[in-house]
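**Q** The following feature annotations were taken from Swiss-Prot:
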TRANSMEM  51-71  transmembrane segment
TRANSMEM  78-98  transmembrane segment
TRANSMEM  139-159  transmembrane segment
TRANSMEM  181-201  transmembrane segment
TRANSMEM  203-223  transmembrane segment
TRANSMEM  241-261  transmembrane segment
TRANSMEM  275-295  transmembrane segment
TRANSMEM  324-344  transmembrane segment
TRANSMEM  368-388  transmembrane segment
TRANSMEM  390-410  transmembrane segment
TRANSMEM  428-448  transmembrane segment
Amino acid sequence: MEPKSQDQAPNRDDPDLQTEPLTIAQSITSFYMYNPYEKRSVEVPLTNCDAFISLLKCVIGTGILAMPLAFRCSGFVMGTVMSILLMILLTYSIHLLIADMTECCRRRRVPQVSMPEAVRIAYEEGPKWINCFGRAAGFMTTCVLVFGQFLLCTVYLVFVSKNFKEIGDHYIERYNERYYVLVACLLLLPLFMIRRLKYLVPLNLISNFLLYAGFALIMYYLFNGLPNINDREMVTPPVEWIEFIAIAAFSLTAVGSMLVVEAHMAHPQSYLGLFGVLNLAVLFILLSNMFFGIIGYWRFGDNVHASITLNIPQDEILSQFIKVFIASGIFLSYPLNGFVVITVMFSDYENSEPRGRYRTLIEYVVRLLFLFLTGAVAIGVPNLAALTELEGAFSLSNLNLLCPALIDVFLNYNVGYGRLMWKLIRDILLILIGLIFGIVGCTVALMQLIRDFQLTLNSM
């Protein structure tokens, strides 16, 4: 018998699978009774190097180019401090989430669960009065994951169209930016139809090369003509910090992509840990983001745009090469981040007759709809800064803080929260931070988008 494909959901009718909540004794010993990593079967697995490359590709993109704008909202000192603290918080929450998802696998005796499945299992393990909300909570988590990745892919399309428009305006007739969005969608169509993560690794490698080549070339403009550093703010008023957090959150993490990479690894045990793939990747990402944020703000000050590529000259050959490299790198990032959406949407898809025969066709249709829906939103509200802030605030609050904390609260309900209830206190703090930041950050970004959409309607 062939091993079960990684892309298929476990058969919950299998009598060998545990479907009922475990007792306290069973929960405590579950680690020693079942190791889900040994049971996983991935059709085309990622090596640790593949996973590292894919993680960099997931996170490094338009966010790093927006970090100078983030530092404009915080100042040098406060931006550095908040970047480090935010990365520690986000990385810790990812570790907590993956550890809890692994515990869900042990309790249900299955090789792997998706994030929505983990939420459902956690609700079933919690107090009796919330057990009935498990499926609804799992469905809501799916919606949150899909919407977060939808916003991210929309940001990518807006970024690509803006940069290629600047190049096009110099050589050909000035066309509306929305035409560039449409062309980008058409060119992405064949790449977005790739259905195996392993086969996206070459694209990710090319994308990383283009991005870092562009980053290296842009140093010429960043270091040429640096003003006196005393002309820049060290600490800005606290009212502006919320924008920094939203932009930095967008540039520092991508929960859905991080989970998909871990799920497709040949050796997922190497993902976490002090010197695991995840920690090494986020350290590299943090240093890169801080460097770009500090140098970009130092060079351009209050005139910095939502992407640093929009600050460099439009009519110079070097600047045009930079924009082509970086925009092409971001363009090639879209298939990987869109892959996350498809994985989430089909993780619980029943591979039964007759629908199983049409699963591939349905997946292609969903991919097509997703691509052109992101294009439609990019055409309607091409505000790069506001979209970046909205995606950062939405994903940080829901995926990085609320979901991991709620899963942990309910999973530990029967087992206990440790001495002085420290786990419960930690989870409550994560929930409060997520709620406050989510409400404030999303409100600010949505107000900007509404104003921009009104301007779009008036210009038609």
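The first residue you see is number 1, and the count goes up from there.
Glycine is no exception: its Cβ is also placed from the backbone N, Cα and C atoms.
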**Q** Pairs 6 or more apart in sequence, C-beta under 8 angstroms, 3 or more of them: is that satisfied by the transmembrane segment (428-448) and the transmembrane segment (139-159)?
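**A** They are not in contact.
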**Q** Please work out which recorded stretch in 139-159, 203-223, 241-261, 275-295, 324-344 has the most C-beta pairs separated by under 8 angstroms from the transmembrane segment (78-98)?
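**A** If we count Cβ pairs closer than 8 Å to the transmembrane segment (78-98), 241-261 scores highest.
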**Q** Using a Cβ cut-off under 8 Å, which residues of the same chain at least 6 positions beyond either end of the transmembrane segment (241-261) come close to it?
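**A** For the transmembrane segment (241-261), the sequence-distant neighbours (Cβ-Cβ under 8 Å, at least 6 residues beyond its ends) are 46, 51, 54-55, 58-59, 62-64, 66-67, 69-71, 73-74, 78-79, 82-83, 86-87, 90, 94, 97-98, 101, 114-115, 145, 148-149, 152, 155, 197, 271, 278, 282, 285-286, 289, 336-337, 339-341, 343-344, 385, 388-393, 395-396, 399-400, 437, 440-441, 444-445.
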**Q** Can you tell me which parts of the same chain pack against the transmembrane segment (275-295), counting only residues 6+ beyond its ends and a CB-CB cutoff under 8 A?
**A** 48, 51-52, 55-56, 59-60, 63-65, 67-68, 70-71, 76, 79-80, 83-84, 87, 90-91, 94-95, 215, 219, 222-223, 248, 251-253, 258, 262, 265, 308
**Q** Among the recorded stretches 139-159, 324-344, 390-410, which has the greatest number of Cβ pairs closer than 8 Å to the transmembrane segment (203-223)?
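**A** Most contacts with the transmembrane segment (203-223): 324-344.
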